[in-house]
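Q: Quick paste of what TrEMBL says about this protein:
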- Lys8, Phe9, Gly10, Gly11, Thr222, Asp223, Tyr228, Arg233: ATP binding site (BINDING)
- Thr45, Glu120: substrate binding site (BINDING)
- 314-389: domain 'ACT' (DOMAIN)
Amino acid sequence: MSALNVAKFGGTSVANFEAMSRCAAIIEANPDTRLVVSSACSGVTNLLVELANGVADQERRAELLQKLANIHDTILSQLNDGAEAASEVYSILDTITSLAEAASIQASTKLTDHLVACGELMSTHILAQLMRERGMDAVRFDIRDVMRTDSNFGRAEPELTSIAELAQQKLVPLCQQHVVVTQGFIGSDEEGNTTTLGRGGSDYSAALIAEGVKATGLEIWTDVPGIYTTDPRIAPKATPIPEISFSEASEMANFGAKILHPSTLLPALRHDIPVFVGSSKDPQNGGTWVRREVESSPAFRALALRNNQTMITLRSAKMFQAYGFLAKVFEILAKHKISVDLITTSEISVSLTLDKTDTSGGAPELPLAVREELEELCTVEVEHNLCLVALIGNRMENKGYAKEVFSTLGDFNLRMICYGASDHNLCILVDAEDANNVIQTLHRELFEQNIQA
Ligand code: ADP
Ligand code: ASP
Ligand code: MG
């Protein structure tokens, strides 16, 4: 197959009948789009996560189930011939009811994944039917037959070789005949258990699928016309970036810009697949192209914000001029598979942050067993309610860069600063209550000034 485009639609893009119809029009407009990856309808995953966490109160459970039924019913009722899709959706709603009851007795990560996957399983039945009603030859495909992952429920790792093989075997021939509509976010392990790639994982799914079928293009359709200099909900004067490199956009995603799941660009980079990010509400308005090579590399590219950070500070007088302290700390963390994000050290202390983006949400915790082991070496202090602000740019080692940034932040309590390790990012940990203000201040001083200049 020559040109093959994968189009991914996020939750707001498939929120209701009108939104889904806009997606269908976008798909129709590009004959190269043979594969469509859809999220759950807006709000559905949050409802499912609440159920999966275990809702013991029967009334509340019934209320959540009713909300789920209403969201889907409303769209189904606007289809001309929705009977078959409706029966599929109702049977999934039955499954949700029993899984939610099971979760109210005993929640588990395995059960959570089974339950939250139902959102995408439902939305794709409806979207495929809506597309057929517009005259498109659309078929729904269960991506769990291709998206092989490990069994790390809540944040499963894709198994690339199996995915590529299965995609070539099962998806490519199907795309030659039909427009295939499939689920983002979900996969299955070797034993056939349903897994998920973590919240926001549909972007990553779409990129993995694009890689697996050797697509020539990937479109991420969302609710904003491209990647902005920062989240426009925080800084309304943020502007869309017409073109950005894979590495800059990866940094943004990694540091929390919600517009893309952190791993999205890895498959695109590996296969050099250009990625377009645009708004399904306003497809004519253009968007952002993410490519390997881009023309400009400005000093200040974007600001990203990551909430829910946990900082661990380890202090030991013995660390002073001692060998091996850090090695021991990391040995303990590695043994318990705790992934460290940022780190700064002084002569007697080391501070590090933990991040978590798995499906169940919430702030990352330092497990008690790890804390106890660390306490044999040093004192351990754990702080929540912190946010990470990342400034993404180029040539950050240049003279005057740090001064320009930090001179604007005099009014804030900066809890941790990581600068210098990378040429492309500068990270600052701040109290959660200051985070939006820090973003707004940096945006005003570093981005809005530059625009006017
Ligand atoms: P979808 O459901 O389509 O995946 P998301 O809500 O996950 O959409 O991501 C889109 C949202 O990301 C936007 O509405 C915006 O608030 C937020 N966002 C965060 N950082 C940025 C950024 N740099 N540019 C654009 N949007 C951003
Ligand atoms: N539906 C999932 C979520 O809300 C995945 C996604 O939309 O990307 O996290
Ligand atoms: Mg998203």
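Placed from the backbone N, Cα and C atoms, the Cβ positions cover glycine too.
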Q: Determine the binding-site residues, out of Lys8, Phe9, Thr222, Tyr228, Arg233, lying near ligand 1 in the sense that the CB is under 6 Å from one of its atoms, and give them in sequence order.
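A: By the Cβ criterion, which requires under 6 Å to ligand 1, the hits are Thr222, Tyr228, Arg233.
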Q: Based on DSSP, name the secondary structure state of Gly11 (ATP binding site): helix, strand or coil.
A: coil
Q: Return the average pLDDT for the domain 'ACT' (314-389) as a whole number.
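A: Computed over the domain 'ACT' (314-389), the mean pLDDT is 84 on the 0 to 100 scale.
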Q: Any same-chain residues 6+ apart from Thr222 (ATP binding site) with CB under 8 Å of its CB? Would you list them in sequence order, or say none?
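A: Gly10, Thr12, Ser13, Ile259, Val277, Gly278, Ser279, Ser280 - these are the non-local Cβ neighbours of Thr222 (ATP binding site), listed in sequence order.
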Q: State the three-class DSSP label for Tyr228 (ATP binding site), counting H, G and I as helix, E and B as strand, and everything else as coil.
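A: Its secondary structure by DSSP: strand.
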Q: Listed binding-site residues: Gly10, Gly11, Tyr228, Arg233. Which have a CB under 6 angstroms from an atom of ligand 3?
A: Gly10
Q: Report, in whole Å, the straight Cα-to-Cα distance of Thr45 (substrate binding site) from Arg233 (ATP binding site).
A: 21
Q: Can you break down the domain 'ACT' (314-389) into helix, strand and coil residue counts using DSSP?
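A: Secondary-structure composition of the domain 'ACT' (314-389): 22 helix, 25 strand, 29 coil.
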Q: So for Thr45 (substrate binding site), how many other CB atoms are inside 10 Å of its CB?
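A: Step by step: centre on the Cβ of Thr45 (substrate binding site), count other Cβ atoms within 10 Å, giving 26.
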Q: For Tyr228 (ATP binding site) and Glu120 (substrate binding site), determine the Cα separation and express it in whole Å.
A: 27
Q: Where does Asp223 (ATP binding site) sit in the DSSP three-state scheme?
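A: Once the DSSP labels are grouped into three classes, Asp223 (ATP binding site) ends up as coil.
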Q: Mind running the binding-site residues Lys8, Gly11, Thr45, Tyr228 against ligand 2 and keeping the ones whose CB falls under 6 Å of it?
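A: Cβ < 6 Å from ligand 2, in sequence order: Gly11, Thr45.
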Q: Counting Cβ neighbours within 10 Å across all chains shown, tell me which of the binding-site residues Phe9, Tyr228 comes out on top.
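A: For the binding-site residues Phe9, Tyr228, the Cβ with the most other Cβ atoms within 10 Å is Phe9.
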Q: In whole Å, how far is Glu120 (substrate binding site) from Lys8 (ATP binding site) when you measure between their Cα atoms?
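A: It is 12 Å, counting Cα to Cα.
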Q: In the structure shown, with every protein chain counted, which of the binding-site residues Glu120, Asp223 has the densest set of Cβ atoms within 10 angstroms of its Cβ?
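A: Neighbour-count leader: Glu120.
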Q: Of Phe9, Gly11, Asp223, which binding-site residues are close to Thr45 (substrate binding site), meaning a Cα within 10 Å of its Cα?
A: Gly11
